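Working notes, beginning with the structure itself.
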Amino acid sequence: MSMGLVVIVGPPGSGKTTVGRALAEALGAAFRDADADIVATAGKPIADIFVDDGEEHFRALEREAVRRAVAEHDGVLALGGGAVLAADTRKLLADVPVVHLRVDLAEAVRRNEIDKGRPLLQVNPRATLRRLLEERLPLYREVADIEVDTTGRDVADLTAEIAAKLGVRTVVVGDAEAPYPVLIGRGTVERLPEFLGKAARVAVLHTESTALLAERVGSLLPEGVEATLMELPDAEDGKTVAVAEQCWDALGAEGFTRTDLVVGVGGGAVTDLAGFVAACWLRGVAVVHVPTSLLGAVDAAVGGKTGVNTAAGKNLVGAFHPPRAVLVDLDNFATLPRRDLAAGLAEVVKAGFIADPVILDLVERDPEAALDAADPVVAELVERAIAVKAEVVASDLKEGGLRAILNYGHTFAHAIEKLEKYRWRHGDAVAVGMVYAAHLNALTGRVDLVDRTKAVLESLGLPVAYEAGRWDDLLQAMLIDKKNTGATQRFVLLDALAAPVVVDDVTAEQQREAYERLVG
Ligand SMILES: NC(=O)c1ccc[n+]([C@@H]2O[C@H](COP(=O)([O-])OP(=O)(O)OC[C@H]3O[C@@H](n4cnc5c(N)ncnc54)[C@H](O)[C@@H]3O)[C@@H](O)[C@H]2O)c1
Ligand SMILES: O=C(O)C(=O)C[C@@H](O)[C@H](O)[C@H](O)COP(=O)(O)O
């Protein structure tokens with residue numbers, strides 16, 4: 001079976017070859033060493049290439065060897081310590097899982113004394129190694145998805161850690177100023193201790209449905225870090241100012257300071273509320289999200305929008321407050337009711353219509369698989385939907401422009417939620433909202449995706465119609481949509497599949513006609 005490529009980088013003496021070989025064996029994969037390829041091509045040892053032809057020539061051979069190995073190899077590939085100096089090589093590694101092996105100076109010196117013959121370490125090895133470690137650390141970190149400190153560690157132990165972490169993919173979200181990782185995989189919740197910062201207290205916000213996991217989160221905290229579990233009312237009942245105020249009271253009673261941490265463990269309602277509580281407490285403390293619903297994982301917990309519902313409407317009170325990290329643990333979906341899984345798929349399908357039609361192909365090919373949390377296609381759908389969101393959020397953190405496309409279907413959806421007093425699942429409302437938007441696309445002379453939209457949503461058991469006779473109330477609710485500017489309504493529509501536009505010229509007649517076509 002093909003496992004794909006895993007690349008190992010690190011300074012001289014970090015154990016790239018030893019750990020790389022052991023990892024390949026553990027994964028049942030082939031091992032390849034880019035330095036060995038260079039030696040084979042040049043027909044002489046690396047030390048001789050340096051002496052005879054110079055470092056520049058060696059680097060050129062290295063770039064080519066790495067390029068070829070990355071293109072060809074299926075398994076574990078170890079690179080020479082200086083390979084990351086080349087910008088081309090770093091670019092090449094952007095889409096490949098890369099493991100960075102760290103080592104401290106003293107141990108690197110010891111290991112290099114045993115393994116003599118490295119051309120750059122012949123003279124003054126300690127000072128040279130110190131310089132190499134310092135200079136190259138940012139470059140290793142730039143390419144790495146996983147970092148492991150090898151100092152004083154046993155090879156078998158290291159290999160097991162890397163193999164476990166490789167099951168996890170990291171997507172970086174946020175803009176260049178404040179990037180944060182979204183870890184996607186199985187068992188990612190165990191990684192929480194990496195994101196505690198200086199917290200001495202952690203407030204774990206959850207609902208009854210996620211109480212066991214919240215306890216598990218509490219038990220992951222190291223000694224000296226205290227957990228306070230706060231159980232919220234379920235679903236939208238927990239997304240209120242009153243509930244937020246109770247949380248703030250509890251934080252005050254516990255003496256939460258600016259270095260402490262809020263963790264949201266639950267569906268989108270919990271992570272929206274937890275983010276909002278964190279955004280306002282002391283004008284902003286860190287929050288880590290552990291989304292437990294599919295919708296939370298692909299959307300609510302990612303992107304930094306937080307908020308509550310009020311009588312005025314859905315999510316009208318809130319703040320942009322990006323999390324410190326998001327731990328998407330695919331195992332958490334095992335207990336999620338099928339109807340909630342389907343609701344989450346509505347936002348996944350939205351990502352398909354606005355940006356990644358492969359999502360639609362995957363769902364259409366086998367809707368039952370998409371509804372089975374254990375099926376590998378769910379992991380792929382989660383990754384693809386998060387990738388769509390990450391790309392949009394990176395270029396427009398606070399919805400100054402492009403980010404509005406994530407709101408496809410939401411104008412009508414939020415109106416339904418308000419009319420239904422937040423008793424509808426958000427994903428169900430988004431499904432109907434996308435059918436409404438599809439009618440508007442067709443009515444405004446854009447693209448006709450009505451049948452495809454209805455078919456894919458119906459195949460997941462999602463609603464595609466709304467009751468008749470509610471137009472005046474729906475319009476009233478849509479008039480206070482956040483995307484509107486003054487009295488001008490703005491809608492996200494599609495010029496074509498995966499070609500979203502934000503428009504402000506949809507007429508009152510077109511809006512009403514789309515509703516008439518939608519009613520069941
Ligand atoms: N901030 C954003 O960018 C953003 C994006 C999309 C949606 N949202 C918000 O997210 C909310 C919807 O999220 P949701 O669909 O997750 O709803 P939800 O949080 O209400 O969860 C749905 C139901 O599933 C239960 N549940 C959650 N995880 C479970 C698990 N692992 N096992 C068993 N039951 C579980 C919950 O208790 C709840 O009853 C809405 O309020 C919506 O506005 C926010
Ligand atoms: O992240 C965004 O931006 C979105 O619009 C994602 C939506 O899917 C999500 O439902 C969000 O909560 C809606 O945001 P809002 O600003 O319209 O409340």
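Cβ atoms are placed via backbone N, Cα and C, with glycine included.
The model shown is predicted, which means the values in this text are computed figures rather than measured ones.
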Taking TrEMBL at its word that His410, His426 bind Zn(2+), choose the one of Glu347, Glu509, Glu513, Glu516 listed for that site.
Glu347
According to TrEMBL, Asp35, Arg59, Arg136 bind substrate; identify which of Gly13, Gly15, Gly81 is listed for that same site.
Gly81
Roughly how many Å separate the Cα of Gly238 (NAD(+) binding site) from that of His426 (Zn(2+) binding site), to the nearest whole number?
14
Entry from the binding-site residues list Ser14, Thr17, Thr18, Asp35, Asp234 having the most other CB atoms no farther than 10 A:
Ser14
Chain-mates of Asp35, Arg59, Gly81, Arg136 with C-beta within 8 Å of site centroid, substrate:
Pro12, Glu62, Leu79, Gly80, Gly82, Ala83, Val84, Leu85
Among the binding-site residues Gly15, Gly81, Gly238, Gly268, point out the residue whose Cβ has the most other Cβ atoms within 10 Å, with all shown protein chains included in the count.
Gly268
With respect to ligand 1, which members of the binding-site residues Gly13, Ser14, Gly15, Asp35, Arg59, His410 satisfy a Cβ distance under 6 angstroms to one of its atoms?
none
